[in-house]
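Chemist: Take a look at this one; I'll ask things after.
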Amino acid sequence: MATNAAAKCPPPMKATSNGVFQGDDPLHFALPLVIIQICLVVVLTRVLAYLLRPLRQPRVIAEIIGGIILGPSALGRNKKYLHAVFPPRSLPVLDTLANLGLLFFLFLVGLELDPKSLRRTGKKALNIALAGISFPFALGIGTSFALRATISKDVSEGPFLVFMGVALSITAFPVLARILAELKLLTTDIGRMAMSAAAVNDVAAWILLALAIALSGTGRSPILSLWVFLCGLGFVILCIFICPPIFKWMARWSSEGESVNEVYVCATLVAVLAAGLVTDLIGIHALFGAFVLGVLVPKEGPFAGALVEKVEDLVSGLFLPLYFVSSGLKTDIATIRGAQSWGLLALVIFTACFGKIVGTVVVARFSKVPLREALTLGFLMNTKGLVELIVLNIGRDRGVLNDQAFAIMVLMALVTTFITTPIVMAIYKPARMARSEYRHRTIQRKEASSQLRLLTCFHTTRSIPTLINLMEASRGTANRGRLRVYAMHLMELTERSSAILMVHKARKNGLPFWKKGQENDPNHLVVAFEAFQQLCQVSIRPTTAISPMSTMHEDICTSAETKRTAMIILPFHKTPEARWTIRDYAGRVEACEPQGPRARPVLCRHLG
């Protein structure tokens, strides 16, 4: 019997073929097949992302849907297609590439979390984060009893309870950053509070997931699970003491404006692989080592940005979509059949939304957050994403989730993330800022001692010298404070905009350039304004606009109105492409409301 069974096993796939002219079928060789799979996945997910763009959905939605379409739920129902494009022999290669890409993506996710900002998290955001974890976690445990009584009778009780609690309590930090940027809420108070709470939630979710993995080993004794967890904790402590000094030394030798030494980048990426290997040997998961290492990399300076630039495009563009396909191949919606299964799906979705939203709203209201803002925070904290799929896939691979429970949880993650953007757009329309005592919206005024406010916009360093010259000519000889300049950094939001950059900019939005007791900012743009502010009698406040070019004028107009500025200064670049773009949104700025003889600020375009 064993000999017959072994004879039926297909031979392993060779890496490359001799070509179609030699009679070889490319679909029977690993490299041509994986190239076809990557191209198919990337094209499908990009088309879906383009179709979902009017709904302002994050790309993760398109990638989840694309994975489900390519899997047995849709196209995979055709067995001929499934065995030709995704044959069982190719799945180990596909899963290996997907997990390798995921390893580096989790390193990027760790880069986006700043431990310093976690320590500075306000009490209000901390309470919201704790409520957004504990209440859904408790409801997830309650829901798990209903699932175990019906469709998951054969799973281990302890790990299943923890996995369900973690799955319902997660908030996707990178996806939330993208949604806030798309809705122009990233630099608002509610956006900063949501990001702070999501960062705390993300760290807590990874700790709980490590505990769940330690408990989920097949046939393990409690002592062995405890040993795995303690070894993982020891690895984290060891990294905290060893890695930061090395990374800080690398960052210190990486000067602003110069390319980071390739040796440093290569050494860091090898360290990511080594950390993943160590955590995999411990028995937690290789992803944890990469995530921990990303958290420990210093976020200030060009070093973190260089790592993102080197890794992000290849990982996010090519390898990461493979993970969604790998997940989609395991998701069979057809297993959800009958009134009971669909009722359980509705129960899980309702429990996930109810736990996050109600827990967040109640604590936010106790913290004196207005009801509309509290509801918005609740829906924002309900955002799921890639981390949710990671939890579910680990649970399925370890036998904690069966096929039906896995499909239900994937659909829950898809629905809860999909509804976030439209609901937030419907319920949260930021009220107009209360009109301040500053009433001057024109350059000419009767009292020469009154304050003049300018909104100056810049893309790159090319505009900085002219802006400083213009401020020098406008400040006059009066006492400090007669001229206030809002320096707005115009940042284009693209598909490759990393959350680390967006969050770092949003965290400093609207704060003075210089404060006693703070370390100097290494950004040369900030240094230029900081030096001018201290040498001259000018008050300068930085602001940031993170938007697509097509809607950049809305940020400029909104800031001009809320800051009650008398003049908007736009850069005017010398390249033909940039000149058209700046002219385009300069015209839109001129056409923006409010209208009227004294309502619209003066628009000035200067040569950068």
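Each residue, glycine too, has its Cβ placed from N, Cα and C.
Nobody curates TrEMBL annotations by hand; they come from automatic prediction.
Pasting the feature list from TrEMBL:
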{"type": "TRANSMEM", "residues": "29-48", "note": "transmembrane segment"}
{"type": "DOMAIN", "residues": "44-424", "note": "domain 'Cation/H+ exchanger transmembrane'"}
{"type": "TRANSMEM", "residues": "60-76", "note": "transmembrane segment"}
{"type": "TRANSMEM", "residues": "96-113", "note": "transmembrane segment"}
{"type": "TRANSMEM", "residues": "125-147", "note": "transmembrane segment"}
{"type": "TRANSMEM", "residues": "159-181", "note": "transmembrane segment"}
{"type": "TRANSMEM", "residues": "193-217", "note": "transmembrane segment"}
{"type": "TRANSMEM", "residues": "223-243", "note": "transmembrane segment"}
{"type": "TRANSMEM", "residues": "264-297", "note": "transmembrane segment"}
{"type": "TRANSMEM", "residues": "342-363", "note": "transmembrane segment"}
{"type": "TRANSMEM", "residues": "406-428", "note": "transmembrane segment"}
{"type": "DOMAIN", "residues": "480-575", "note": "domain 'Cation/H(+) antiporter central'"}
Chemist: May I ask for the residues of the chain that lie six or more residues beyond the transmembrane segment (96-113) and have a Cβ under 8 Å from a Cβ within it?
Modeler: 34, 173-174, 177, 199, 202-203, 269, 272-273, 276, 286-287, 290-297, 299, 304, 307-308, 311-312, 315-316, 318-320, 322-323, 325-326, 386-387, 390, 498-500, 503
Chemist: When you scan the chain for residues with a C-beta under 8 Å from the transmembrane segment (223-243), skipping those not six or more beyond its ends, what do you find?
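Modeler: Contacts of the transmembrane segment (223-243) (Cβ under 8 Å, skipping residues fewer than 6 from its ends): 210-211, 213-215, 217, 271, 275, 278-279, 282-284, 288-289, 292-293, 296.
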Chemist: Average the pLDDT scores across the domain 'Cation/H(+) antiporter central' (480-575) and report the rounded value.
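Modeler: Summarising the domain 'Cation/H(+) antiporter central' (480-575) by its mean pLDDT gives 65.
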Chemist: For the transmembrane segment (60-76) and the transmembrane segment (406-428), check the count of CB pairs under 8 Å (sequence separation 6 or more) and say whether it reaches 3 or more.
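Modeler: Between the transmembrane segment (60-76) and the transmembrane segment (406-428), contact is present.
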Chemist: Is the transmembrane segment (342-363) packed against any residues at least 6 beyond its ends, judged by a Cβ distance under 8 Å, and which are they?
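Modeler: Distal contacts: 127-128, 130-132, 134-140, 142-143, 146-147, 150-151, 168-169, 171, 197, 336, 371, 374-375, 377-379, 381-382, 408-409, 411-412, 415-416.
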Chemist: List, by number or range, the same-chain residues at least 6 past the transmembrane segment (193-217) whose CB is under 8 A from its CB atoms?
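Modeler: Hits for the transmembrane segment (193-217): 109, 113-114, 117-118, 121-122, 124-126, 128-130, 132-133, 137, 156, 158-159, 162-163, 165-166, 169-173, 176-177, 180, 185-186, 224-226, 228-229, 232, 283-285, 288, 291, 360, 377, 380-381, 383, 387, 391, 394-395, 398-400, 503, 506.
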Chemist: I need to check the long-range neighbours of the transmembrane segment (125-147): which residues 6 or more away from its ends have a CB within less than 8 Å of a CB in the stretch?
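Modeler: Here the qualifying positions are 160-161, 164-169, 171, 193, 196-201, 204-205, 208, 344, 347-348, 351-352, 354-356, 358-360, 362-364, 366-367, 377, 381, 405, 408.
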